[in-house]
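Engineer: The structure is given below, and queries will be raised subsequently.
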Amino acid sequence: MSGAALGLEIVFVFFLALFLLHRYGDFKKQHRLVIIATLLAWYLCFLIVFILPLDVSTTIYNRCKLALNSSPSESNGSYVTLAPSKQKCFKPWSYIPNGIMPIFWRVVYWTSQFLTWILLPFMQSYARSGGFSITGKIKTALIENAIYYGTYLLIFGAFLIYVAVNPNFNLQWNQLQTIGIAAANTWGLFLLVLLLGYGLVEIPRSHWNGAKRGYLLMKTYFKAAKLMTEKADAEENLEDIMEEVRKVNESIKYNHPLRKCIDTILKKCPTEYQERMGRNMDDYEDFDERQNSYPSEKSLVKLHKQVIYSVQRHRRTQVQWQILLEQAFYLEDVAKNETSASRQFVHTFQSQESENKFFQYFYTPTVEWYWECLLRPWFYRVLAVVLATFSVIVVWSECTFFSTNPVLSLFAVFIQLAEKTYNYIYIEMACFLTIFFLSICVYSTVFRIRVFNYYYLASHHQTDAYSLLFSGMLFCRLTPPLCLNFLGLTHMDATISHKNTQPTAYTSIMGSMRVLSFIADGFYIYYPMLVVILCIATYFSLGTRCLNLLGFQQFMGDNEMTSDLIDEGKELIRREKRKRQRQEEGENRRREWKERYGNREDSTRSRAVHTDQKESSFSESNTSRPLSKYTRSNGRTERDRIELLQDAEPLDFNADSVNDDPLESESGR
């Protein structure tokens, strides 16, 4: 069992990262390199969170063995060997042999740092580039990242010159490596506290509000009004871009050197626009370079980039609108079924997706009514109280974890109590719950945050490549300081506990922060206390109010603009509901008509076919008889047909041929 736990967690975390990436990304349409890079970044960050509790339990066991083998004597402080009978160390079930964890952490950490500082920024620019070739995209990415990389190289070069000139500094390579790690962790800790302060308050509050049916329904109406505005804006933007594509498509003909670029742009357009532009295209007209002015390749690259962005945004708003409609219809159904006397959940519209039969067998309408109308609100309230308790413990520990005598951090108290009894299961569970809650508070904020339309993680496969790569960058920058902060809360970091004990394998690769004492003894200890101010600001929704004042409409119950948007969204949902009801009524009428008159129409059709067969057989029998009896009548019919055709000849009305006497015209004919 020594390496089984590590192997199981590695496999489990991989499938967890793959599942989340499949929910937000699109494996079929997005580039494989984007999917692989984002999956690797998410996987490494989640892996650190899940493996760190095993590192803690292994470190506690190694400390026990070290204390068992050597103990200071009472006389001169030297170390003497203890008898095995005086103390016994129990090996944890998830024990990882020595030498494995340092190598593992070194590979994981430096790979994540390479991704976040070098590869992912380059791939972001590559993904957003509108170039038509790989070389063009690489060139654009290098130009866009020149300032980004140049800034870091300038700072690092200035620091090296300062160290080389100053005789007081005698830094080795390991110390320079530690300084680089400390700089990256300082930047990550700065952002970590901001996101953590928001998540510690917003997550319990969102679950508490989840128990309020009226609150969720009003917020859904508010989202519908905002999303409709964004949807209309996306459609208008797409129309403008498609109009530019149409003009360029008509100006550049089939034998123009830039025609391949136009074909590449057309492939990115929606199907209906491609068909419309294809019908108006005349490929038989040559281009004349002297008469017409044609767009340059640089302008086509810019247009290509705009087409990719506008099509992605339009598709995302369409999908989000359908999802929001389903959510609004379901919340309205819940509000109606709360007063139902039959205690069976009735849906206004049947689900368009085919549900699992096994799920339908157990999740009956009665079970659904009890869960949605009775149990779910209370479950959300209890969960909100538990999460709020965790948040209070985290805030208290963040403000007191620097105190080692007495120990005020509650997480450190829990770990030290379990360490005395060597209850490794409890230690790992306590560590896992602590770091998992911290990760949820931080990562959920990353998933919720939206920077206009440049960064936005949208579910149901609607996240673009730029946002996926940016999320991978944030995860790789936030996870190392998050783990260091967790080790400080539990006093497993020697820098915080001020004890000369064996460090964890994770902190050993970080190096000694004593090289930068102002960071180790100042920033790392006192900056996390700002989480209290951020939690208070989040509780009173100061950020939401500031955004509302700046013109970015946010959901606020005591705002007139919010009430107007709720009414607008309610009317939009009512209109879509009537539209869908009419569609379902039409489908039901067609289905009933087919069921009622389908058999009769089939019998009538078969009877008509049988009659036609009889008539055809009768005509064949008549044609086989002698035709002498009918020659006179046939001749008369032919003569009448000729006369009718002659009377039906058109007259040529001109001045010379017009005659007023019809008899003369007949005799002349």
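The backbone N, Cα and C atoms fix where each Cβ goes, and this holds for glycine too.
From TrEMBL, for reference:
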type: TRANSMEM; residues: 6-21; note: transmembrane segment
type: TRANSMEM; residues: 33-52; note: transmembrane segment
type: TRANSMEM; residues: 103-126; note: transmembrane segment
type: TRANSMEM; residues: 146-165; note: transmembrane segment
type: TRANSMEM; residues: 177-201; note: transmembrane segment
type: COILED; residues: 224-251; note: coiled coil
type: TRANSMEM; residues: 378-396; note: transmembrane segment
type: TRANSMEM; residues: 425-446; note: transmembrane segment
type: TRANSMEM; residues: 466-489; note: transmembrane segment
type: TRANSMEM; residues: 523-542; note: transmembrane segment
type: REGION; residues: 576-669; note: region 'Disordered'
type: COMPBIAS; residues: 582-617; note: compositional bias 'Basic and acidic residues'
type: COMPBIAS; residues: 618-634; note: compositional bias 'Polar residues'
type: COMPBIAS; residues: 635-644; note: compositional bias 'Basic and acidic residues'
type: COMPBIAS; residues: 658-669; note: compositional bias 'Acidic residues'
Engineer: With an 8 Å cut-off on Cβ pairs and a sequence gap of 6 or more, do the transmembrane segment (33-52) and the transmembrane segment (425-446) reach 3 or more such pairs?
Structural biologist: yes
Engineer: What stretch, picked from 6-21, 103-126, 146-165, 378-396, has the most CB pairs under 8 A with the transmembrane segment (466-489)?
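Structural biologist: Ranked by Cβ pairs under 8 Å, first place goes to 103-126.
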Engineer: At a threshold of under 8 Å on Cβ distances, which of 6-21, 378-396, 425-446, 523-542 pairs most often with the transmembrane segment (177-201)?
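Structural biologist: So the stretch in question is 523-542.
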